Amino acid sequence: MASPSESDRKIITRFLHKTLHAVVASRVPRLHHAAAAGPASPKNDRWFHLALDDHPSPADHHGAVVDPLVFDILLTRRGCSDVIVERWTARCVPPVPWSAASPHHPHDGSFLRRTYKKCTILLRSIYTLLRLLPVHRIFRLLCSSSQPYNYDLCHKVLSFAAPFSRAQEAELKQYSFAPVETMLGHLVVSVQYRPSLTNFNLEVSLPTPPLIITDYVGSPAADPMRPFPSSLPDRMSHPIVYQYPPRGIRTLAAPSFDRPHSWNSASMVHHHLSSAPGPPDSELLPGHYGHLVPNQRSSMERKGSSGFGEFKLSPPCSTSPSPSPPTRVGNSQLSRLHSETSPVSIPLPATENNQMHRSPNFSDPFKSLFPPPSPRSTRTDLSFRESPSKSISFRKPDGFSLGDIHSNLHMHAAYKVIKDGRDDSGRFSALSSGGSPGYGFSSSSRQSIQDDLDDEDFSYPFAFDDVDTSDSQTRSLDGKEASENSGSHKSQEAAVGILVHMLKTAAPLRQDQSCSMQSLEPNGEASISSSVMSRKACDALEELQSYKEMKNLLLSKSGAKLQDSVKQRKESSEALS
Amino acid sequence: MNCETCQLKELVVEPPEIREVLRCILHTILFHRALGLVRPKDVECELFDITYVQCEDHELEKKIDEKINQFIGWVEKHPNRKSQVCISFYEVKNKHATWFGNKIERFYWEQWYINLHIISPKPHGKSHNTKAHVVTGENAFEESNSRCAALESSLREVLFQIIKFVNEKKDHIPPLQNSEIVSYPYEISTPR
C-alpha cells in the first residue's frame, strides 16, 4: 500500500498531466483532428472523473512534482513571428517548511479523497474556462472549417519560461484558480491570456491570389465583335479580308458581316501562298460573298467556267446575315485551310470569244465560292465541249451554294416563261406581245436555256403544274421542238430531257374517255369535260358533228335491229296461227 | 454544515432569451457538481458567442428543460418582472422512522440564485412619417444589438462568477456517496 505522500504525488502528477491534456485538446487543432480521426480507445483517461478523448501525448511531466509546468499557446501567422496568446502554468507549491501556517494533515484517506475531489472540481473549472477565453473562438474556427487560414495554433511545453516583459504583461490578463491543498503543497493553476485578438489580421488565406486574364478570348456566346487580343500572333490580329476585286487589308473593327469562314475566298487566296499568313476564319465576309453572287454569278457567266473537274468539295456557305461566333485560329485551322481545295476562278461576264475563263483558273480567289457549273452551261460554248462522261463525273458540292440557287432561279424563271408561252393562245400571245418576265433573251439564248431545261440536273420542271394541252397545235409545236432538240443534242441528258418533254406534252386521256362514254351511253350524248371548254370553238363544232354522225349511225343500227325483231315476231305469230 | 449561497449577477433578458440563458447557467453549475464519471460535451449557444459544457446525461438535460419550460410558462403569465430560479444541492439525512411514517430531511448545503429581469421587447414607434418610421426602426435595431451584446457580456461574467465560486468554496461539499453522474441530489425551484 502506497504511502499518503506517494498517493499525493501520484494525484499531483496525474493532475498536471490531465490539465495539460485538457488545455492542448482545446487549443491545438492538429491534435484535435488526430484524436477525432483515430479509433476510439476503450480506455479513456478517467482520472478525476473526466473522460477526455485520447490525444497524442503532448508531453509528460518528467521533472519533480514541485517543478512547474508551463505550456504556451502560440498563434502562428504566415510571415509573422509567433505570438503567445495564452500561457498556462500549473505547479505544486511546496509549503514553507519553517512556516507555522503549514497545516497538519491527518494521514488518512479522507484527506486524499478530499484532495482528489478538489482536483476533480478544479479540473472542471479549467475545462469550463478554456471555453470562455477568446482563443477558443479561433480554435473552433480552425477545427470546424476546412478553409485554410493564414494562422494556426500550436503549443509549447516548458518547465521554465522566461517571464513576460512589462509591455507584454500589460497586454495580458491573468486568472488564477484557487489552490488545492495537498500533502506536498498547493496545486496552483493560473493562466495569462490576451483579452482581445482583434489586433491580429486573422482571415482566410487563399492558396493563390486571383489572376485576371487580360487576353481572354471568350466562349462562342461571348461578344463576337470583340477584337482579338494583341497576344495572338500578328497575322491573327490583322486579318485579310477580300473584296472583289481583292484589295487591301481590313482590321477587325468591321461590321457584322466581317466574319469570314474558312471556305471563303479570303482563306483560299492565301491557301496556295504558303508564306502568306492565313486569315482567321472569322475575318472573312459571308455577306461579301452574297454581294458577289448577283453581280458575278449568272447563268451566262457560268457557262464559261469549266473548272468543275478540278473542283473539290467545299463546305456550304452560310447565307445567314448574322455572323458566326468567333473562332480561334490556331494550327488546326491553318492546317485545314491548307488541306482544302485549290482556288477556282469565277468566270467573267461570258462572251463567246472569251475562252480564258473557261479553263480552271487557280488564281481566281472566288472559284471555290461556287459549285462547279453544270455541264449544260458548257454545251452552248462552241469551242469547248464536255464529254458526257466527264460531265457526269463532276462532283456537286455537298451543300447548295447561293450561286447555285441563283442560277437555278434564273433557269426556273426562264422555263416558266417558256411554259407559259407554250400554253393557251392567250398566254402565248402575251409572250409574243413582249410580255416577257424581264429576262431578255434572244432566240439563240432561248435555245440555250431550253438546253439547260432539258438537263437532268435541273429539277424544277418536275415541280411545275403543267397545264395539259391537248391542242394539236401545241403538240405539233412540241413535236417540232423535240425533233429539233433530238437532232441537236446527242448527250444522254438531252435524251432524257426529250423524253420528259414528250411525256409532258403527251396527248391527254380524255379522248379515250370520250369513246368509253359513248359506248356506255346509247343515247350518244357525250359529256363534255371541262378541258373541252378550253378548246377552240371550231374544234368543238367539228367534234359535235362527229358526234351527230355517230348518233345517226347508232340510231340507224338500232332501228334496223328493231325492224328485224318486229319481223321475226310477225313471222312467228303467223306461224302459230 | 453551512449552506453556501451564491447570488449570481442579475441578467436583463427578453422572453426568447430565457431558455438559452438558463440552460447555459444551469448546465455550468451542474457540471461542477456532477462529480461522477462525466464525458463533457461542448455546446455553443445559438444567441450568444459562448460555449458551455454539459454532462452527457439525457436525464439531466430532460429535467433541466422541464424546469425551464415551467419557468417560461410562469413568465408568460407574469411579464415584465424580476424573478429567480434557484438550484439547490442537498443531502438526505436522518431518516427518522416515526409513527406516522418516515421523515426525510434535506440539508441544503449549496444554493444558487439565478436572478433574471424579464423585459418585453420594445415595439417600434408608430409614426405616420415614413422617414421617421425608418429611423425609429434603425434605432430599435441598434438598441437591440447593443442590449444583446450587453447580455452576452453579463452572461460571460456570470459564468466566471460560477467558476470562481466553485473553486473558492469546496469545503462545504459533502463526500461522494455514489458513483452516479450527478453525485448530489438537487432541485430546481421556479416561482409559482
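Positions of Cβ are set from backbone N, Cα and C atoms, glycine also.
All annotation found in TrEMBL is predicted automatically rather than curated by experts.
Listed in TrEMBL for this protein:
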COMPBIAS  A:329-344  compositional bias 'Polar residues'
COMPBIAS  A:351-362  compositional bias 'Polar residues'
COMPBIAS  A:378-388  compositional bias 'Basic and acidic residues'
COMPBIAS  A:439-448  compositional bias 'Low complexity'
COMPBIAS  A:564-577  compositional bias 'Basic and acidic residues'
DOMAIN    A:80-196  domain 'Autophagy-related protein 13 N-terminal'
REGION    A:270-398  region 'Disordered'
REGION    A:428-450  region 'Disordered'
REGION    A:463-491  region 'Disordered'
REGION    A:558-577  region 'Disordered'
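Within the region 'Disordered' (A:558-577), the DSSP-based counts of helix, strand and coil residues read 19 helix, 0 strand, 1 coil. In terms of DSSP secondary structure, the domain 'Autophagy-related protein 13 N-terminal' (A:80-196) contains 38 helix, 34 strand, 45 coil.
Restricting the average to the domain 'Autophagy-related protein 13 N-terminal' (A:80-196) gives a pLDDT of 85.
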